[in-house]
Amino acid sequence: MKLEHLPQEFEAARPVLQTIEQAGYQAYFVGGSVRDTILGKSIHDVDIATSAYPDEIKHLFKRTVDTGIDHGTVMILDHGTGYETTTFRSESTYTDFRRPDHVTFVRSLAEDLKRRDFTINALAMRENGEVIDLFDGLADLKHHQIRAVGDPQERFHEDALRMMRAVRFASQLDFAIVPATEDAITAHADLLAKIAVERTQVELIKLFTGQTPQRGLKPFLETGLWQYCPEFGDQQASLTTVQQRLTQGVRDETTAWTLLASAFGLTGPAVAHFLKAWKTSNQTITAVQTATTAVAELQRGPLDAWQLYACGADLLPVANQVAVILGSPDRLDALQAAWADLPMHQKQDLAVTGRDLMQAGIQPGPILGQLLKQLEHEVVLGQIVNDRTVLITRSTTLANSK
Ligand code: ATP
Ligand code: MG
């Protein structure tokens, strides 16, 4: 197969491959960008594989960055674009089910393609568009199938993360996993427990944000992979419900976690405990706690002014999408309009500060914080206008009544 019209990203990179070839080495486009181009999808980054060793690449190009030199990866900077260029390698022994013990550089493309995970990811393309297909990846692309390169049992035993990659590609590409590959996942699912949770997390989020998460969640559930994910142990029924209700990818990572936390019935500290087990950022934990609260409220009906304010504009689409997946009506337009109409949108919008209240004679201390919160509440609910003089008068009245 030869692609006649290469996307702009490849066209721009052709001179880089030509330079490597003119020096007597081989160079190919590899990985996701080749796969996605054949599928007619847009691509983000272009990866290059070469027979040249990292030192040899560095001699050929003026500007390079050692992005992963131990693994043979050098970034070539060309006209403002960076190209990850990796020396052909074979990965021989894995003793811990996750990383090869050592990387061996080789001069053979076939050796390099052999160690790749799935046939659709083991395609290479010459700079002229000619596709090298040693493992029938093109047929699998045509039939929308994910198949391990070589013996699937061995491949998942070598690197257990590949099992999560299989289910996330099923979601991202709307593909099926072929039976022999799926059976091997079932046989080796427990090895997922050996993988660093941060790496599993990346694949799980790609699964949820992919085009057909229901398509990835099905084998995720059927193979038992779910059992080896943190805090998923008691959640088979909820995960099945989520699988059945999803018809498209969720908008982002926060939405994925909010969906899981809501489906699992978690609130407050339980949300934090769950996300800490997955090692997400603190920022994500805060956002998911807020959004999960809003989802529970949306499941009871529309949000009142204070609930809208507490959720905030950024998390409204998140909470709404999750509530819709869990069976509530889609209220996004109304929610956004109501949020825009709120008298204030964030704490800083309040027309007085703690300093103003102290100048008006209120003693510093916990009372001050309580008064500010009360004023914020009354303004958001439209019970009082957001005006400095009005708020100071109101705060002295409140302070005197305490
Ligand atoms: P994406 O669109 O998500 O970037 P991708 O296929 O490019 O998809 P990457 O994680 O960027 O995936 O990896 C690039 C290539 O490296 C893959 O296409 C595959 O050939 C190979 N690869 C990546 N991870 C593994 C792995 N764990 N085992 C074997 N090969 C892998
Ligand atoms: Mg990639």
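Residue positions begin at 1 at the first shown residue.
Including glycine, each Cβ sits where the backbone N, Cα and C put it.
Automatic, uncurated: that is what TrEMBL annotation is.
What TrEMBL lists as CTP binding site is Gly32, Arg35, Arg116, Asp159, Arg162, Arg165, Arg168. Sequence-distant neighbours of Arg35 (CTP binding site) (same chain, six or more apart, CB under 8 Å from its CB) are Ile120, Asn121, Leu123, Gly137, Leu141, listed in sequence order. Classification of Arg35 (CTP binding site) by DSSP places it within a helix.
TrEMBL lists Gly32, Arg35, Arg116, Asp159, Arg162, Arg165, Arg168 with the feature ATP binding site. Taking all protein chains in view, 23 other C-beta atoms sit within 10 angstroms of the C-beta of Arg116 (CTP binding site).
Neighbour count (other Cβ atoms within 10 Å of the Cβ, all protein chains): 17 for Asp47 (Mg(2+) binding site). Reduced to three states, the DSSP call for Asp47 (Mg(2+) binding site) is strand. Sequence annotations record features per position, and here TrEMBL assigns Mg(2+) binding site to Asp45, Asp47.
The average pLDDT the prediction assigns to the domain 'Poly A polymerase head' (27-147) is 93. The domain 'Poly A polymerase head' annotation in TrEMBL covers 27-147.
Look at TrEMBL and you will find 174-232 tagged as domain 'tRNA nucleotidyltransferase/poly(A) polymerase RNA and SrmB- binding'. For the domain 'tRNA nucleotidyltransferase/poly(A) polymerase RNA and SrmB- binding' (174-232), the DSSP counts in helix, strand and coil order read 43 helix, 2 strand, 14 coil.
Annotation source TrEMBL lists domain 'CCA-adding enzyme C-terminal' at 250-392.
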About how far apart, in whole Å, are the alpha carbons (Cα) of Gly32 (CTP binding site) and Asp45 (Mg(2+) binding site)?
8
Asp47 (Mg(2+) binding site) and Arg116 (CTP binding site), distance between Cα atoms, whole Å:
14
Taking ligand 2 as the reference, state which of the binding-site residues Gly32, Arg35, Arg116, Arg162, Arg165, Arg168 have a Cβ closer than 6 Å to one of its atoms.
Gly32
Return only the integer: C-alpha distance in Å from Asp45 (Mg(2+) binding site) to Arg165 (CTP binding site).
18
For the domain 'Poly A polymerase head' (27-147), jot down how many residues DSSP puts in helix, in strand and in coil.
32 helix, 40 strand, 49 coil
